[in-house]
Structure formats: C-alpha cells, structure tokens
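Quick notes on the structure that follows.
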Amino acid sequence: MSKSSRIRMKSRTRYLIAILLVISLCSKASSHDDEKKKKGVTYDGTSLIINGKRELLFSGSVHYPRSTPHMWPSIIDKARIGGLNTIQTYVFWNVHEPEQGKYDFKGRFDLVKFIKLIHEKGLYVTLRLGPFIQAEWNHGGLPYWLREVPDVYFRTNNEPFKEHTERYVRKILGMMKEEKLFASQGGPIILGQIENEYNAVQLAYKENGEKYIKWAANLVESMNLGIPWVMCKQNDAPGNLINACNGRHCGDTFPGPNRHDKPSLWTENWTTQFRVFGDPPTQRTVEDIAFSVARYFSKNGSHVNYYMYHGGTNFGRTSAHFVTTRYYDDAPLDEFGLEKAPKYGHLKHVHRALRLCKKALFWGQLRAQTLGPDTEVRYYEQPGTKVCAAFLSNNNTRDTNTIKFKGQDYVLPSRSISILPDCKTVVYNTAQIVAQHSWRDFVKSEKTSKGLKFEMFSENIPSLLDGDSLIPGELYYLTKDKTDYAWYTTSVKIDEDDFPDQKGLKTILRVASLGHALIVYVNGEYAGKAHGRHEMKSFEFAKPVNFKTGDNRISILGVLTGLPDSGSYMEHRFAGPRAISIIGLKSGTRDLTENNEWGHLAGLEGEKKEVYTEEGSKKVKWEKDGKRKPLTWYKTYFETPEGVNAVAIRMKAMGKGLIWVNGIGVGRYWMSFLSPLGEPTQTEYHIPRSFMKGEKKKNMLVILEEEPGVKLESIDFVLVNRDTICSNVGEDYPVSVKSWKREGPKIVSRSKDMRLKAVMRCPPEKQMVEVQFASFGDPTGTCGNFTMGKCSASKSKEVVEKECLGRNYCSIVVARETFGDKGCPEIVKTLAVQVKCEKKEGKQDEKKKKEDKDEEEEDDEDDDEEEEEEDKENKDTKDMENKNQDM
C-alpha cells in the first residue's frame, strides 16, 4: 500500500471513529433521556410499572398515628424482612387539622418523617388520602368542625364539602411534592387513593354521588403528580383511576378492573377482624390468608395489601364508636410490633414463592384446567422458553386430593394451593406451615406493680344548670369531639299524693338514648348506668328511683365512645338522650323531654383542669384512696419497668374510663362490658416506652373511672414477650421455600442439604433454656397448648434438647431417622416442639454462638440473593411491551 493510500486509510479511520463517537454520545444522551422519561409510575393490564420496571407488590398497612416514631423503624424493618416492598397508610385529616386552619404534623402525626423513613428502608409507599378513610377511626378521619360548616353534606356533590376537601387535598399533596416524595421525583410514593369504598354509600346520593366521585378523580389527576390513583370498592372508578378490591378473597369475588388496560390491585386483604367492646375473640388463620394471596396472584393479581400488617393502638380518644383501643392485634405484627408467628413467617414464605414465579406471571400466557369439582390448575408459560409457573388448587375444605399435572402426581391438602415456580417443583403449600410459631405472654413487673398508692379526686355532680333549652341537646354537638362527656340537668316537681300507694310499686325513671352510654344521678345520688353496643347504639335506661316529694333534680351524664366512622349522611348522625320520662305516678307517665328546662355542660371538671398532667394535677385537691365512687379520678406514680420489652397496664377489676401516662392519652378501657364468653374484650393496654421517662424514673398514671366499687389493687404493669416459640411440621411438608432459588428458567437448590427441617429462633440476645414440649408422632394442638397423641418417638425431647438448648437458633431434621423411630409406620408423622427463650447471664457457648451467627448470616444472604435475582429479572417497559406485541 502506497503512502498516500495509508494516509487516506487513516483519514477514513479517524472519520469513522469520530462518527462512532458522536453516535455513542448521542446514544448515551438518548439513553439518559429514556431513563429520565421512565421516572414515575405507569401501568397496563398486567401490573404497575415503577421507574420503567414491573414489580410484584407486597404491601402492608401501617398507620403512623397508631404507633410511635420510636416504634416506626422496627416495624418497617420487620415488614421489609417479612417480604414486603410497600407500606400503605391513610392520611388522617382530623389529627392534622383538628381546628379549621390549624395544622399539626408533630410526633405521631409527622407524616413526612414517616414516609421518609420508609424510603430510607428501601420500600415504596401507597398514600390513601381520604378525605374519608373509615379505618375504625374517630369520625372516619373527617374533622368534627366540618359538621358545623353551614349547609354541608359529607361525601357528595356539595360545594362546602368540596371546597374544604380540595383545600385539604392540595395541602397534603403539596407537602409531599415539596419534600419530593412522589416516585416521579425520586421518592417512594408510587400510588395514591382518593375517597374510600364509596360504592357502599353512592346510591344514597343518587346522581350527586356520581358527580362527586368524578370531581374527586379529576381533582387528583389534574395535579399531574406522576403516579396512578385508585378508588377501592368503586366499580365505576372514572377515567384512568384504577378500581381496586377490598375483602378476604378477592381472587374469587373481584370481577376485575373496569378497563382491560388497568392492573388488578387488592387494597385491603383483611388479616383479622377489628374488635369492638363486647366482642369475643376472633381470628383469621394464616392458612386462609395465604390461600387468598396465592389464588389472587394466580388470577392476574400483581399487588396485595394486608390490612392491617401492624394495627397498633387507638391512643387517646381516636377510635370510632365502641372500637377497642387495641387495633388489629392479630395482624402479622401485633399491637406491640412483635412478630405474630406463624402468620408473619408463613406470609413471608408466600411472598418468596411468588417472587420465584415473577417471570412467568409477567410474561407468560395463562392457561387453566379444571380437574374435578374442587381441583384446578392455573399456570403461566412463556412461549418459546422454559419459563413456567403453576398453581395447583384444592378447594375442598375437608379432603386431601391427588392430581396429575404434566405427567406427575401431586398431593394437595384440603383447602390449599401448591406453588410450582418451574411447573415441576413444589416450593410452598398454603396449608403446610414450616415457619416458626410463637405464643405471647404478659409477665407482671413486680417492681413496678408493687406498692402503688393511689390518690383520688371525685367529680362534682351538677344538680341544676341554667336552663338553655326546652329539649335535651344533641351529644355530638355538645361535646364537639373535645370530650366524651356532657351533662344534662333538669328538675321535676312531684306531689306527695302522686306517688303510688300499692306496696311494691315504685316510680321508674326511663331514658331512651341514641347512644352510646349514660350515668344517672337523682338528687345527687347515683341511680345507675346503661349503654348500647356497636351493632345497636340506641338503648334504654329504666330503673326504680327514690324520688322525693317536691322538687327533684335529675342529672344525666351522656357518654360517647367515639364518633361514627361510616355510612351515608354522617353529618346527620345523632347521639345522647332523646326521650326522658317518669313511669308509675298516679297521674300517669310524665314526659320530661319537651317543655322542660334543660341545662347542659360539656366536659368534666378534671378534663378542663387537665388533672392528668403534672401542672393540671395541682389545680385540684387529691384525697387518700377511700370510698370509690363513680366519676372519680385516681392518680399514682410508678417506676419505668425494667428492660426493653413492650409495656402494658392490666386493668383487671376496673370498670370503664380513660388512662393517661405523663399527660399522654393511652386510650379508653372498658372492663365491665363482657363478651358472650363472660370476659372483657381487652384487658391489657399498651403504654409505649416513649410515653415513659427513663428507667428507674417516676411516671404519673391518671385514671378516670366512670363506675363505682372498682379494685385498684388489681392493676398491674406487665412486660410483653413472645419468648415461647414453637414448630409444628409434618414429615410430608415441602422444604422451606428459602431452600430454593432461581437460575434463569430453572429452580435450583441453595445447598446440598435439602432435608425438611423444623427451624426456631429466639428473640435477639436470648437463648433456648427449656424444652417444654416435644413429640415426633401424632401430637395435637397449637403453640402454647400442645398435647401428646397416641404415637410419639421416645427420644423426641432428648433430640430437641441436644439440638436447641443454649442456642439462639436451632434446626431439627424432620425425619424418622433423626429420632430413631420405627413405630406407627402407617401414619404421616409431625414434629411439634415448644421451647422457652430467656436472656441468660454469662457467656453463651462460643461454638453454639458461632453456629447461630452463621445461620443468621445465611438467612441474610438468602434475602440479598433474592433481591439480586429480582434485579436481574426486571426488564424495562419497552422490552416487555415488545414481547407482548410479538405474542
């Protein structure tokens, strides 16, 4: 090649390099622009697409006002470790704007801090804005002052209501935007909800209901925040808003989105039933919850939210009428933020199993086969690949069924679904729990409970207030959500010859009330009490009363247990005495309701003076504990309980009232309202450690007791633990889903040892000190209540003690060889174990400590691997759309 040719070649090479460099830079710029365009959340008929990536969303409801900022980090950490990637919360209008135009975002109400903390922990947020939330929360989250806005009607096409709602919505969303908390700004909020379960009331408002719901949808969409919006239980969710399901079994009850390009979202999967005073205990099994989740995802579901994941506490006066202070205690994280096992662990495992199916669920084609009256297979296959995931379902509630799928037999326990992420390997069954179980215990703090000395201050009973009305006033209007109490007084003159002559006849005072409770005094003497219930707020007080000749003064204390939280025309709900009469007079029944002067006084003296605070307590004269009359305040000081365990106060032989610690409202208690089982609905009441001062310091406890004759001596402070842990694993169960991982389209084992194991772990810093029960055979019962069957391996306890005592973590192979057992070959055997954990003084055996640490690190590595695998599997939206178009 000549010199000139070489020069021309070099020149062309340089030119080509320059061109390629320009193309590369343009490509990078374009790629960068594409990434910027991907920021935010969109959706299609398959799922939400977050920052360009599809996600299976496992969400849990955690309400910031129902726990404390001190508790938030632990709760969010446990949610993340439990397999959640999203936290859902309502926004509580009435705590943020208790008075019109005056806002509160401090302490438990610091919404921004809560959302930022969730973001720091790597989770998404779903924000349910209201304005109405229900949530068994006082007034459904609507501020009381809204009732007194002229011409207002809630939740309809009413200008005053819409005006205040829009101002509130713009206030909250403006705060979120200013703090850059929306996903489109790089924040965690991926989804918003406006209104709540509106279909339940829409018919009551006729065409104005439809107009209102369209107005609400337009309001949030017009703000262009870069996230989708949902309406739950709103079949006709307008425009681009997604209609979502609430319920226990949305996989079977939800007809699906109202447009084919909207994803299937489940905003409330109820983990239990909320409780009201007078209720017996209720629960929802984790097997049923897991079944519902697997069923939903097998039918094109891509998002589930557990309502609640942590219920927490209705502190102060925040609960709706008759709702207990403890809220959704049977959730995966209980009232105290402790893991309720096996609910916590078994749901963690279903999340992991479903994540192993993600490729097939997003990019596979659904096929379904009905194999019998109760059995079904639903599976997703991606054409041209080996990607496949199957859900084998047995809906029979009594019988086990065997089915054949792709040439292989599978045994399905009753009412269960098996998940096969590769259409071959069972990694999880909803009815077979390999996760740990636990039992909660309340242990009396002897040091704190000992020697409590109470002082008392009794309320003055107003005998006759200045008459301000000819009829009794409405109780909500009188109290204005500032207090639960309002006095009604009137007088009646009875002539001597109007009393009955016949022996045994007495005059009766009858008070018909719209709710919720009342206490009656006649001439300053206690005459009795009465109350309604959640299902029937109205009730009647009717008792014989010793009226005197001449003027008689009647004092009635109307009592609320919270404001209503649901239904149409909430602004027109009423409570309090509605009809008052005296029966048994010679002259006949005397009606005192109308044309009788009634005086009214909202609140109690102790409330107005804030005797539950240190400063306020100095404004009244406290006396030594003596005769325990109704409407009495009791005060004592107690030392902060030892250790770090959660704390509660046990109100065993008390009646009904309110509790404060260091001036902070713990909540309403009601021990005298017994369930059909003859027990109070709630006995222990949570006192967060952040409400108390440091260890060994004194705290002020104040109790307002409405009823007479209570036993203060029965009050205890208790420490809460879940130090009793159990395992209950059948030898025919699949190995833990944590034993599997995905490599491309394949599901492969994580380790060489793939034997089924019963695994238990004590709380941090504790070790197993006692094996309380062990049986490999046919034991019955549950954690805390196991019973030996007829066939149990003789070495059961010996084997468990050898493997577990002195350790924080232990695993036992569930096999006959482990126990040297050849008996009862005809039965499928179960290993049931119950052990006690304690914090032991002195050093743990170093070998066991190292083994425990290795096991813990292995668990953490499993979680990290799962996240890495998810990252590999995520593809951008364009690729997924191209794939769908090709199909």
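Placed from the backbone N, Cα and C atoms, the Cβ positions cover glycine too.
Taken from Swiss-Prot, the feature active site, proton donor applies to Glu197, supported by sequence analysis. For Glu197 (active site, proton donor), the number of other Cβ atoms no farther than 10 Å from its own Cβ, over all displayed protein chains, is 18.
As annotated by Swiss-Prot, active site, nucleophile applies to Glu268, with the evidence given as sequence analysis. Other Cβ atoms within 10 Å of the Cβ of Glu268 (active site, nucleophile) number 23 in total over all chains. In three-state terms derived from DSSP, Glu268 (active site, nucleophile) belongs to an extended strand segment.
According to Swiss-Prot, the feature compositional bias 'Basic and acidic residues' maps to 838-852 (among others).
Residues annotated as compositional bias 'Acidic residues' in Swiss-Prot: 853-871.
Annotated compositional bias 'Basic and acidic residues' per Swiss-Prot: 872-887 (among others), in sequence order.
Annotation comment: Swiss-Prot describes 752-838 as domain 'SUEL-type lectin'. Across the domain 'SUEL-type lectin' (752-838), mean pLDDT in this model comes to 97.
For Asn269 (among others), the entry in Swiss-Prot reads N-linked glycosylation site, with the evidence type sequence analysis.
In the three-state DSSP classification, Asn300 (N-linked glycosylation site) falls within coil. The N-linked glycosylation site annotation in Swiss-Prot covers Asn300 (among others) and rests on sequence analysis.
Neighbours of Asn395 (N-linked glycosylation site), defined as other CB atoms within 10 A of its CB across all chains, total 18. Annotation comment: Swiss-Prot describes Asn395 (among others) as N-linked glycosylation site, evidence class sequence analysis.
Asn785 (N-linked glycosylation site) falls within a strand when secondary structure is assigned with DSSP. Less than 8 angstroms from the CB of Asn785 (N-linked glycosylation site) sits no same-chain residue that is six or more residues away. If you look up Swiss-Prot, you'll see Asn785 (among others) marked as N-linked glycosylation site, on the strength of sequence analysis.
What Swiss-Prot records for 838-887 is region 'Disordered'.
Residues or ranges marked as signal peptide in Swiss-Prot: 1-31.
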### Task
Please work out which residue of Asn269, Asn300 has the most C-beta neighbours within 10 angstroms of its C-beta, and give that one of the glycosylation sites.
Asn269
### Euclidean distance between Cα atoms of Glu268 (active site, nucleophile) and Glu197 (active site, proton donor), Å
11
### Task
Could you state the whole-number distance in Å separating the C-alpha atoms of Asn395 (N-linked glycosylation site) and Asn300 (N-linked glycosylation site)?
19
### Query
Given Asn269 (N-linked glycosylation site) and Asn300 (N-linked glycosylation site), what distance in Å do their CA atoms have, once rounded to a whole number?
16
### Task
Could you round the CA separation between Asn300 (N-linked glycosylation site) and Glu268 (active site, nucleophile) to a whole angstrom and send it over?
17
### Query
Which numbers of helix, strand and coil residues does DSSP report for the domain 'SUEL-type lectin' (752-838)?
13 helix, 37 strand, 37 coil
## Note on the structure
DSSP, reduced to three states, assigns Asn395 (N-linked glycosylation site) to coil
